[in-house]
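Data first, discussion second: the structure below is written as structure tokens.
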Amino acid sequence: MDDQLKQSALDFHEFPVPGKIQVSPTKPLATQRDLALAYSPGVAAPCLEIEKDPLKAYKYTARGNLVAVISNGTAVLGLGNIGALAGKPVMEGKGVLFKKFAGIDVFDIEVDELDPDKFIEVVAALEPTFGGINLEDIKAPECFYIEQKLRERMNIPVFHDDQHGTAIISTAAILNGLRVVEKNISDVRMVVSGAGAAAIACMNLLVALGLQKHNIVVCDSKGVIYQGREPNMAETKAAYAVVDDGKRTLDDVIEGADIFLGCSGPKVLTQEMVKKMARAPMILALANPEPEILPPLAKEVRPDAIICTGRSDYPNQVNNVLCFPFIFRGALDVGATAINEEMKLAAVRAIAELAHAEQSEVVASAYGDQDLSFGPEYIIPKPFDPRLIVKIAPAVAKAAMESGVATRPIADFDVYIDKLTEFVYKTNLFMKPIFSQARKAPKRVVLPEGEEARVLHATQELVTLGLAKPILIGRPNVIEMRIQKLGLQIKAGVDFEIVNNESDPRFKEYWTEYFQIMKRRGVTQEQAQRALISNPTVIGAIMVQRGEADAMICGTVGDYHEHFSVVKNVFGYRDGVHTAGAMNALLLPSGNTFIADTYVNDEPDAEELAEITLMAAETVRRFGIEPRVALLSHSNFGSSDCPSSSKMRQALELVRERAPELMIDGEMHGDAALVEAIRNDRMPDSSLKGSANILVMPNMEAARISYNLLRVSSSEGVTVGPVLMGVAKPVHVLTPIASVRRIVNMVALAVVEAQTQPL
């Protein structure tokens, strides 16, 4: 580690507060009553319920989502036996990964005890606190004994990740690698370097999946492990001892091997050894930080080799974070009493299958131009693939139920998977009613920026989720090339339609219709033709206008107002509406907040504000939310008389005339809108109850500033929109920062609007 990296790491761990984890309350502690419920006397009620039924601890405490990361520091991350205290940063780091990838809370526990039996006593006594135990960085062979004894004694999952995590990922990689090179697991021969926890666990899993034990040769620091080599050989090693044929070294046994599994140390495998391996060999060089052989050296002599390492700077990284958070997620969610072989094998299969799926946009963004299509350079998923939790946790949970170790079986896996999806996509719960409605009758949605990677990823999701019938505008050869490069599985003409923006035979009809719309706005026939060629949003808008598409989503490239100008000119406003407006949703930990008008009207008058407010309330109801509207101003219920506050008061009167049932009040300050106590202090008889969820601003400047401040200041908040309101057709204009999920969300909303506004 160079000095700069070392200092950066030390600063990272020291500032702004020491360490990487903290405990945060999940219940409010704002009043005396809150304290009485959280502690004495109210806390006695759940205590007595748990005394009567211990399983209620999962209902009334955090136990069901709490894992202990426990170590004695005897084998810390390549640092060796540095002791329990020195290993604490690693254990905190493990806790951060649990939380980041699976939402699991962790207490890291460093036990200063080298005696395995005493260590077992300490850990076993902690069972009432935790839903699961993750053993970490405990040296072999003690780790085998400790895990075995704890599993026998405890009725919660005990999982030594150094063994099983590496084994699960390695096994998934081997299954996929064999598929790539078309070899059968029952026929291949494997040579293993290292006989520690990970190597033994990996061999056990592979044997369970069909690898023949007599086709495995293991080498440790003393050479080949053969029967009779030493009288007191550890039982775990002895299980893989081969009949003595006189071969003593790795070089002696590597010839003809299909698989090399390295769990040992750097530079153990040489180029000469690699040359002697079988056709299309698999090399898993997992020693860290320097593997048994560097991939470029192996590829130099065997271009046909498939290579995995534990490093992120080479393809096919075997990284335990691919499995341990999600195995525990599935185990905790069914109240598993153990993580058994069936659950591990379920994880292996789920991980292996995910590598065959289309590429995730999140992964594509993280890994740049890497080709992440299934093949020699991509046989296991990347650690940041957001689908890992959705695939692995349900597979593990099902295996726990089928193998009889689940105490709280899941009744509806569709609901469970939806809940897991909420962890991946924070908008999932919010969008659920929209998605459900869209699936009932998917509509044709045209996407003018059809060559964009985000749009292509969104198209894949739309097809997979059954939300829409996408129509992409773009050059077919470019779209096909990018689909292949992105590793997507959608097919033009099957999953979506392409409109060639260079040569569609309908273009004369399109520009003629556009000219008819624009001819009295200074647009000539020649300009109409040029607009169609240069601006795919014009093509999309005309398609919707002609009934060849039901809705349109544009704006992922270019200026919002240029796109909106096309939309406004082609479609105009809905009947009875004299303006349009844009609204953004912020999904914050404190609740959902909608802000209008964020993009369309610079200085709306009272009439326009009233229309925007009514459209905002209508839109919010689509999400299954009852609107509560606050009209905001620097004035608080008449405290200041100026044009801005006056128009907000006028808008309130207009809204109340047109929608007397709507819960609305104003004009008011922002704090009064969000905190009922502040509002009631100023206006005790306010018709607005609770916290407002729609904030209507006096102008676009205030709306955009408020929206961006809230968006950036809330690290846990996510956004939906902008939602375009008031246009005669189901159309939304996004912005260039729109993510794939935002595109998907807005397409689904447009579909629902098209269902209720038939063309």
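The backbone N, Cα and C atoms fix where each Cβ goes, and this holds for glycine too.
Values in this document were obtained by computation on a predicted structure and should not be read as measured data.
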In Swiss-Prot, the member of Lys6, Lys20, Lys56, Lys440 to which N6-acetyllysine is assigned: Lys56
Same-site divalent metal cation binder from Asp105, Asp162, Asp187, given that Swiss-Prot records Glu136, Asp137: Asp162
Candidates Lys94, Glu136, Asp162 (recorded positions) with Cα within 10 Å of Ala197 (NADP(+) binding site): Asp162
Tyr39 (active site, proton donor) and Ala195 (NADP(+) binding site), Cα-Cα, nearest whole angstrom: 51
Proximal residue to Asn288 (NADP(+) binding site) among recorded positions Tyr39, Lys56, Lys94, Asp137 (C-alpha distance): Asp137
Glu136 (divalent metal cation binding site) versus Lys94 (active site, proton acceptor) - Cα distance in angstrom: 9
Residue with minimal Cβ packing [other Cβ atoms within 10 Å] among the recorded positions Lys56, Lys94: Lys56
Among Asn288, Asn320, the most crowded of the binding-site residues [Cβ within 10 Å]: Asn320
When distances run from the Cα of Tyr39 (active site, proton donor) to each of the recorded positions Lys56, Gly196, Ala198, the nearest one: Lys56
Mapped DSSP class for Ala195 (NADP(+) binding site), helix or strand or coil: coil
